[in-house]
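Written out below as structure tokens is the structure these notes cover.
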Amino acid sequence: MNSVATDAPARHAGTRIFWLVVALSTVVAVVSQAIGPFQLKVWRSQIGLLPIIYAVIIAAVLSIQRFRPLPVAAQRTSAALVAPTIAVFMARLGLLIGPEIETLGKSSAALLLQEVGHVFGSVIFCLPVAVVLLGLGRASVGATYSIDREPMIGIVAERFGADSPEYRGALGTYVVGTVFGAILAALLASVLGSLGVFSPHALAIGSAVGSTSMMLGAVGALSATFPDQAHQIFAYSAAASAVTSLTATYAAAFLALPLTRRLYPLWTKVAARLGRSGTAVEPLPAAGLRRPAEATGESTPLSMRETATALGVFGLVMLVVQLVAVHKLTLAMIGGMVLLLAIAFGSVLVGRYVRWLPYIVVTMAVATLISAPFFPLAHQILALVADIDLVALGVPVLALVGLSLGRDARALLSSGWKLVLVAVTVVIASFVCATAVAEFSIHFLSL
């Protein structure tokens, strides 16, 4: 009886926190969308300032400011809500793959080889910077072996321990990517796109760095730079993201991390000759991979009931943002939103019980199949979502990302400027090298 009485206030507090997050994210998303996009000309390039960037910045300020701090519980709730809401965005993105499936098939080599670019960029280019130029020692291994999203953090925690220098390095890259990743990816895509260094399709493939928020920022900028190719850009990035979801964890565990460890002693010798600090790499424990949540001690994900509630509420929020973005709200758009919510919920449900299969992959697969030309209802499905603006769907998601950054910002400040510099270098190198590999593959290896 006492337990029930004790749980009631906790549930009430949790409900208040949830609605606080909903209210803040809605206001931030609506304001960001209302401001609209701007193009800044800097030298020969143009930098696109987009609602998705405003949303991250405004929400992050609300989360970090000291005048009336956002409760830590609200930051955690915001972080927990990102996964189900981003599935809605990915469902809409996946519906763009089906109609372009024949075109994408011609670029299959570029899609499959992108991970080589990610590994080459982060390990080959960034490890010597971290070890030799900045003298980060063993933290360099964790910081540069990948772009360090959640699964990669889990790999490092499992193999080196959560108190190791390698883990602190990985966490630094993760935090920087979380705080600045979407903005950095958007600016980088905008600059490279306007300079004409790479084709829009290669940039779209390169944007799939393993972080959906970074990919969202990049494709938003690319669609603004190349509006006439927006649908193909979205399709290429969606397909590349699906491939990354399937391969990134295994490539990181069995290719990138062993390669980083093998190269680390070489660069420590160079660092020692130059008077930099660095220690020998310790042997890896002979242990298998665990799920990221087990390795990092992350909070328990939302229950399926909470997921359904969150999707229902944020489905309404997304419709409000759509109204601001496209200045209309039709029955077809409402039906399309219901379809996207159903795909998102079903994918999360499958991912919950089929533990080895990322829910994002399920989302992409289902959306691709039902929008492909061979599916009987493909035309009707595409008609439902035709007026739903893809980038506007991501604005509430990135508002949630921004609201969750209070904790990460404090960790970022404790990481030191060297680790921040390395993390930014990793993001840039991974993006650019994957794009370069995609460009080469499209021109020379296309079917």
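Positions of Cβ are set from backbone N, Cα and C atoms, glycine also.
Noted in TrEMBL for the protein shown:
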type	residues	note
TRANSMEM	17-35	transmembrane segment
TRANSMEM	47-67	transmembrane segment
TRANSMEM	79-98	transmembrane segment
TRANSMEM	119-141	transmembrane segment
TRANSMEM	174-195	transmembrane segment
TRANSMEM	202-227	transmembrane segment
TRANSMEM	233-257	transmembrane segment
TRANSMEM	331-349	transmembrane segment
TRANSMEM	356-375	transmembrane segment
TRANSMEM	381-405	transmembrane segment
TRANSMEM	417-438	transmembrane segment
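Contact check: the transmembrane segment (47-67) against the transmembrane segment (202-227) gives at least three Cβ pairs closer than 8 Å, residues 6 or more apart, which meets the contact criterion. When each of the listed stretches 174-195, 331-349, 381-405, 417-438 is scored by C-beta pairs under 8 angstroms to the transmembrane segment (79-98), 381-405 comes out highest. Scored on C-beta pairs under 8 angstroms, the neighbour of the transmembrane segment (381-405) with the top count among 17-35, 202-227, 233-257 is 17-35. Scored by C-beta pairs under 8 angstroms, the transmembrane segment (119-141) has its highest count with 233-257, from the stretches 233-257, 331-349, 356-375. Using a cut-off of 8 Å between Cβ atoms, the transmembrane segment (356-375) and the transmembrane segment (417-438) share fewer than three residue pairs, counting only pairs 6 or more apart in sequence. Contact count against the transmembrane segment (202-227) (Cβ pairs under 8 Å) is highest for 233-257, out of 233-257, 331-349, 417-438.
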